[in-house]
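Report on one structure; see the data block that follows.
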Amino acid sequence: MGQTIAEKILSRAAGRQVQAGEIVVARVDQVMAQDGTAPLAIQVFRQMGGKKPFDPERVNLVIDHSAPSPTESISNLHKMMREFAWEHGCRLYDIGDGVCHQVMVESGRVGPGCVVVGADSHTCTYGALGAFATGVGSTDLAAALISGHLWFKVPETIKVVCHGPLPPGVFAKDLILYLIGRFTADGATYKAVEYTGSAIKELSMEGRFTVANMAVEMGAKVGLMEVDEKTWEWLKEHGGGEFTAFSPDPDAAYAKVVEFDLTSISPQVACPHRVDNVSPIEKVAGTKIDQAFIGTCTNGRLEDLRVAARILAGRKIHPRVRLVVAPASRKVYLQAMREGILATLVEAGAAVVTPGCGPCVGTHNGVPADGEVVVSTANRNFKGRMGNAKAEIYLASPATVAASAIAGEITDPRLFLK
Amino acid sequence: MRGRAHKFGDDINTDYIISGKYKFKTLDMEELARHVMEDLDPEFYHKIRPGDFIVAGWNFGCGSSREQAPLVIKHARIGAVLAKSFARIFFRNAINTGLPVVECDTDQIEAGDELEVDLARGVVENLTKGISIPIKPLPPVMLKILEDGGLIAHFQKYGGFKLEGV
């Protein structure tokens, strides 16, 4: 019987032919943990009797969730990570290097056919590179750190066919918000998603990362895409090594196949306090905002900053609004400086902060006040997510967030993109 | 296990279980446990009697991979979480860390009901209502990890994974 991409990758990693439903103990190619999960993983690693990681070259520790550290207790946890990395020769990404998922896809060490586990739920981002990449907790991560293996239930796959092209002013983020609205927050639980169709193929790699990133927002274990020339080009640019790409067999068995026509959708907005509470922009336009945020592992990449700069060039953000911008990585930050993007954003009134996750997850760098409304390019709008349960968070594309920052209310970016 | 039901709704995410603003601060789970479910019910921690149950709807534990989520529930002295379904990462984390997670029809349980959860028999007895609710059995791999006392104990026992073919 034919196999899906997930079945093929796990077959290779387990060293035998597997089908959905089977349990496998598979080798992992890379492991990653960030500062919210690594300290606990290191503690568990020691409790499990771990002496050294299975292969330090394949271990990535990223300090991004509270970077630079806002408190002494967090500083002590960061110190624990640094000392572990230095002692064992693991790869350490320290403050300013960037958001874990962005540094991982930029690293050249993750690519087609890889199995990657990360102690962060948005590890599914690397599915855009054809990798079986999934989020795990600290104990699973510690087990992988010691053994280089982890157990997986081979997931069933949902094939999601996205017919395009997307209309002008509608972006990768709008596409994935639309899908999550249709699937709901648990519509793909325990499943792999294979995204395909012309709307996906036409996306840049950066846009594909955005779409793969939010697979977990519908409960999925991984969000996979087929490898094509754009994928290989990205890997070449980022020093990628040897990889084996897998395509689904024509007779692969899917849990279901769902088709969407995206040729006439509007920009989409996820309303408080659920990611699947999605509306077209026409329904929420006019909602007053206090803060706008562009960044995160979903939408802090160069393409995102470019479109924001295009909209904000020669304009000023609304006097009653703050705009916080966090480039996704040091590389993104540097290139945005070189292209003059950051100058444009800062002139418009943006506050640029260190690459990292702080504003998205509520640790620091832009915690909203009671009753305030935020429009953000992040992937979650749960109550309390940004550090204040009395605030409201809307999720949208970088273009929508930039347009809203100018108008002071949620605004259709197409008004500024004509 | 016997205790009272504390009822929550669908899609209880990991930010509600332990807010992001606390989770990074410390590895002291007793301290973090004081903030369990705080954004939904600021007094929740003080309402718990040891052995009580969290009872919820669909997709409990969606969101972050943070293992602090099952750990704070456990450290808050909750005996088990009962839900109609669980999000994938949370479910694994709960088993790995030894927090019992029970998939069953929670519509038959109301806040304050006295429950007896019998994992061996695979049944929840709602003592207040006098009804028995069957529990969906755990996958064999997870049963094996739970029987070993969690994944840490499993590794201590075998020095690695001893799961294939379970």
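Every residue, even glycine, has its Cβ placed from backbone N, Cα and C.
TrEMBL lists A:CYS297, A:CYS357, A:CYS360 with the feature [4Fe-4S] cluster binding site.
Here the features listed in TrEMBL are painted onto the structure.
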{"residue": "A:CYS297", "record": "[4Fe-4S] cluster binding site", "Cβ within 10 Å": "29"}
{"residue": "A:CYS357", "record": "[4Fe-4S] cluster binding site", "Cβ within 10 Å": "33"}
{"residue": "A:CYS360", "record": "[4Fe-4S] cluster binding site", "Cβ within 10 Å": "28"}
Apart from A:CYS297, A:CYS357, A:CYS360, which residues in this chain have a Cβ no more than 8 Å from the mean position of the Cβ atoms of those residues at the [4Fe-4S] cluster site?
A:ASP64, A:HIS65, A:VAL99, A:HIS122, A:GLY295, A:THR296, A:THR298, A:GLY300, A:ALA326, A:GLY356, A:PRO359, A:VAL361, A:ALA378, A:ASN379
